[in-house]
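Annotated in Swiss-Prot:
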INTRAMEM  60-67  intramembrane segment
INTRAMEM  68-79  intramembrane segment
INTRAMEM  80-88  intramembrane segment
TOPO_DOM  1-20  topological domain 'Cytoplasmic'
TOPO_DOM  48-59  topological domain 'Extracellular'
TOPO_DOM  89-109  topological domain 'Cytoplasmic'
TOPO_DOM  135-146  topological domain 'Extracellular'
TOPO_DOM  172-178  topological domain 'Cytoplasmic'
TOPO_DOM  198-229  topological domain 'Extracellular'
TOPO_DOM  252-276  topological domain 'Cytoplasmic'
TOPO_DOM  299-332  topological domain 'Extracellular'
TOPO_DOM  353-395  topological domain 'Cytoplasmic'
TOPO_DOM  433-457  topological domain 'Cytoplasmic'
TRANSMEM  21-47  transmembrane segment
TRANSMEM  60-88  transmembrane segment
TRANSMEM  110-134  transmembrane segment
TRANSMEM  147-171  transmembrane segment
TRANSMEM  179-197  transmembrane segment
TRANSMEM  230-251  transmembrane segment
TRANSMEM  277-298  transmembrane segment
TRANSMEM  333-352  transmembrane segment
TRANSMEM  396-414  transmembrane segment
TRANSMEM  418-432  transmembrane segment
Amino acid sequence: MGVIDVLAAVGERFPAVRKPERKPTLYRRLAWTGVILVLYFIMSNIPLYGIPPQNIGGQVDLQRIIFASSAGTLMELGIGPIVTASLIIQVLVGAKIIKLDLADPEGRRKFTSAQKVLALAFAALEAVAFTVGGRYWVGTAIEPGPLDYALVSLQLFLGALLVIYFDEVMQKGWGIGSAISLFILAGVAQGVVWSIFGTIPGVAQDYGLVPAIISNPDLTLLARPNGFPDLTGFFTTLAAIILLVYLQAMRVEIPITSERFKGIRSRVPLQFIYVTNIPILLVGILVSDLLLVQRLLADYLGVESRAYQIYSSIVYYLSPPRGVVQSIADPVKTAVFIASWTVLSIVFGYMWVEIAGLNPREQAERLIKGGLAIPGMRSDPRVLERVLRRYIYPLTFLSSLIVAALVIVADIFGAYGTGTGLLLAVGIINQYYAMITRERALETYPLLRRILGEEVV
């Protein structure tokens with residue numbers, strides 16, 4: 001029995017959300033999705049009991065977007081545990097370290113159960129690390145005791161547990177999509193709306209763009225200091241969204257023919273953004289984790305220690321700048337940010353293609369198994385692999401570079417919701433549009449539903 005089997009066996013002992021006996025209607029699934037979204041926003045506004053009020057907030061935008069989290073609340077850990085668990089298992093499966101066929105229902109069942117156990121383990125670990133590491137008591141005269149640690153850790157763990165079950169509700173078919181995608185989209189949308197209309201009472205009444213225009217309509221709105229939303233960021237946001245929608249619609253088509261039905265020809269469309277948002281997402285997760293560790297080290301080592309200062313300097317240069325003013329004020333940071341994110345995005349892009357089974361060899365094997373071949377060439381995996389290699393690796397490099405460049409430019413010019421957030425949000429909206437369109441088609445034409453073997457509650 002392997003590790004995945006042990007984790008799956010443990011996971012099956014936990015309470016689970018039952019799958020609907022028959023597929024719910026689209027409106028019912030939308031209603032469930034709306035309920036989950038409302039619960040997410042409620043949890044994002046319930047502060048943790050037992051921590052100093054002044055230590056609620058202060059979260060870096062990148063962390064808030066990547067993990068759909070809200071500092072000092074029940075959503076402090078956000079989707080971090082479940083995303084980390086999922087990525088680890090997918091990487092191990094893709095690297096063939098763990099043998100698991102995700103195309104097989106039994107393999108998917110094991111994956112889901114193992115992911116739940118691993119996510120709960122990460123939730124418990126992060127909850128303890130946040131509290132014992134002094135995350136909520138840094139800079140205060142309060143000396144927390146064991147009861148304080150236990151109380152806050154329990155709240156963090158319960159918040160993460162609810163997120164895991166929210167995702168299970170969605171994944172089992174009660175809602176549409178996944179809770180992970182839904183929460184990321186909600187967080188990005190909230191950030192964009194806040195940048196346009198937000199105010200911070202007693203600190204910055206004119207924080208958002210609209211309040212700033214009303215209070216002080218002059219040329220300073222083109223570029224504001226301290227990372228405040230400005231007109232440059234607003235127009236950058238619009239341009240980034242339009243460009244992302246266009247790029248995600250682009251395809252590179254490879255001509256194919258059917259071996260079973262001679263004379264039938266078609267094309268296999270490869271997304272121009274072949275690696276989608278995965279490389280830049282992995283870069284964002286890496287930098288977010290480094291920022292998280294920085295906060296924990298501040299308590300253990302002290303902000304004056306040499307080791308902490310070296311570490312915080314590295315994290316500072318890897319973190320995205322907050323708008324045009326900061327980018328110009330610190331050109332060295334901007335240059336390091338551009339170089340590091342570009343290189344890491346390309347490296348992660350190639351890694352993901354190999355790990356996720358998107359490389360030429362595995363794609364060729366899939367086409368051969370499907371009875372497909374390229375016109376004028378032998379139906380040989382090695383021949384097909386050589387042809388696909390001319391498409392896939394250049395697409396991997398180019399798409400990783402383009403995605404990184406778009407996110408970097410968006411961050412430098414202060415796009416609302418961050419460049420990474422906009423990239424994720426546009427991709428998620430595209431997925432939701434496709435899912436809802438499909439569901440509406442199935443409800444409009446019941447015959448399609450019967451062909452697919454689906455029933456309505």
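Cβ atoms here come from the backbone N, Cα and C positions, even for glycine.
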CB contact flag for the transmembrane segment (277-298) and the transmembrane segment (333-352), at least three pairs under 8 A: yes
Cβ contacts under 8 Å made by the transmembrane segment (147-171) with residues that lie 6+ beyond its boundaries: 16-17, 32-33, 36, 39-40, 43, 48-51, 73-82, 112, 116, 119-120, 123-124, 126-128, 130-132, 136, 177-180, 182-183
Counts by DSSP class (helix H/G/I, strand E/B, coil) across the topological domain 'Extracellular' (198-229): 11 helix, 2 strand, 19 coil
Residues in the topological domain 'Cytoplasmic' (89-109) grouped by DSSP into helix, strand and remaining coil: 11 helix, 0 strand, 10 coil
Averaged pLDDT score, the topological domain 'Cytoplasmic' (353-395): 80
Residue numbers, six or more beyond the limits of the topological domain 'Cytoplasmic' (1-20), whose CB comes under 8 Å of its CB atoms: 89, 98-100, 109-118, 120, 165, 168-169, 172-174, 457
Cβ-Cβ under 8 Å with the topological domain 'Cytoplasmic' (172-178): same-chain residues at least 6 beyond its ends: 17-20, 23-24, 26, 29-30, 32-33, 36, 428, 431-432, 435-436, 439
Beyond the flanks of the topological domain 'Extracellular' (299-332) by at least 6 residues, Cβ under 8 Å: 60-62, 133-135, 137-138, 223-228, 230, 232-233, 287, 290-291, 293, 340-341, 408, 411-414, 418-420
